[in-house]
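Database features (TrEMBL):
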| type | residues | note |
| --- | --- | --- |
| COMPBIAS | 395-407 | compositional bias 'Low complexity' |
| DOMAIN | 114-370 | domain 'G-protein coupled receptors family 1 profile' |
| REGION | 393-414 | region 'Disordered' |
| TRANSMEM | 102-122 | transmembrane segment |
| TRANSMEM | 134-155 | transmembrane segment |
| TRANSMEM | 175-192 | transmembrane segment |
| TRANSMEM | 213-230 | transmembrane segment |
| TRANSMEM | 264-286 | transmembrane segment |
| TRANSMEM | 307-334 | transmembrane segment |
| TRANSMEM | 354-373 | transmembrane segment |
Amino acid sequence: METAVRFAVLLSNLPAVAHLSPPAVPESSLLAALKISLLAAANSSLLGFLNICKNMEHDIQVTTTSSILSTIPPAVSKNNLTNDTQCPHWEVWDLLYIMQPAYMFIICVLGILGNIFVLLVFGLHKKACTVAEIYLGNLAAADLLLVSCLPFWAISIADGFNWRFGSLMCRLVNTGIRMNMLCSIYLLVLISTDRYVALVHALSRGRMRRPRYAKLSCITVWFFGLILNFPTLHFRDTRFIPELNITACILNYPNPNIGLACDILLILLGFIVPFLVISYCTLKIIRALHEQVVDRFNAENTERKATILVLVVLMVFLLCWVPFHLVTLMDILMRFGVFSGCDFASGLDVSNQIFTYLALSNSVLNPILYVIVGKNFRKKVKELMKQLTAKKNDSTSGSTRSQLSSTLKTFTTY
């Protein structure tokens, strides 16, 4: 395929019709007409072949021009993989290329520290986790998975998008990143549904809100996320790109239609459907909160505090992820011919990069929101500190008593 593409690009720079024009020597009219017909047919066939090759070239470009959530960023591929592109080079690419590795490492460090802190608070506290805390704990685990995968891409980008970690890590790292995107939004579906049931159907469906069911729901979400990640596991692989002299980690679809189908499935199941559920539950939750404030239901104070935290987490998640999904949707529509134009395509690629890193920042913001907005979480942190301090004091006093007993025993022996 690559050979055909290079051959097509080479021929496309030559005036094919001029090379295939009839000779100027005089001939009989019948022979001249026959030659003209044959040459016209050959010229038409060659032009058709060139169009096919150019489409193949475009298909390769599609599978190698996206963010780290898919393939090689266009900062590299747009200007190096295709020789016949008329799109101008946007200077913002140079800035993005410089900033990406440092930004990823910052997200990685802050995200690991913050999400491990959240998991330790939920895991070490003496009281069992509530249903909401089980969901938030799994959300922290999904964020931790994402930020743990970012250093591999940061190193790869700093090395000119050269992937040095092998084919297996190419699949696993990008599967981990996709797992965060899919599992996070479905965990938020569970969280918003739980808040909806707690505030709107507390009496009729209260039995559904049990930790056991919450844990089973989380397991289901992780399994469902793994199923939706099958295209990443199957089609992600390393590939040597001679134009750049690098081995890149890309989505190597055998057919562009497969890639398009995967993107459509992802935007439907990974964004539109869960977004509709979250929006419905959120509207009902806000209405229920308003009614509780009006009626002064003090008995629901704990539920209200937890719900406010959940609403803030939902809003921040949507602010971080909706732009990325909208750009992905516009990219799909562009492939169907709804949008066109070089400037639009370049702007879409730049937006894809920027909104990808906005989405990644959500994994750092959640722990900060728990501390700032979550009164119950802050209370749990204080209780955990007292719990650990008391345990340390008990351990110290127990050690002191043991030493005194040993000393007295020594004195009585002698």
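Keep in mind that glycine also has a Cβ here, set from the backbone N, Cα and C atoms.
Quantities reported herein were computed from a predicted structural model and do not represent experimental measurements.
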Subject >> Among 102-122, 264-286, 307-334, 354-373, stretch most in contact with the transmembrane segment (175-192) (C-beta, under 8 angstroms) >> reply: 264-286
**OP:** Sort out the residues at least 6 away from either end of the transmembrane segment (134-155), same chain, that have Cβ-Cβ distances under 8 Å to it, and list them.
**Re:** 68, 100-101, 104-105, 107-108, 110-112, 115-116, 118-119, 122-123, 164-165, 169, 173-174, 176-177, 179-180, 183-184, 187-188, 190-191, 194, 211, 214-215, 218, 221-222, 313, 360, 362-364, 366-367, 370
**OP:** Please work out the mean pLDDT for the residues of the domain 'G-protein coupled receptors family 1 profile' (114-370).
**Re:** 89
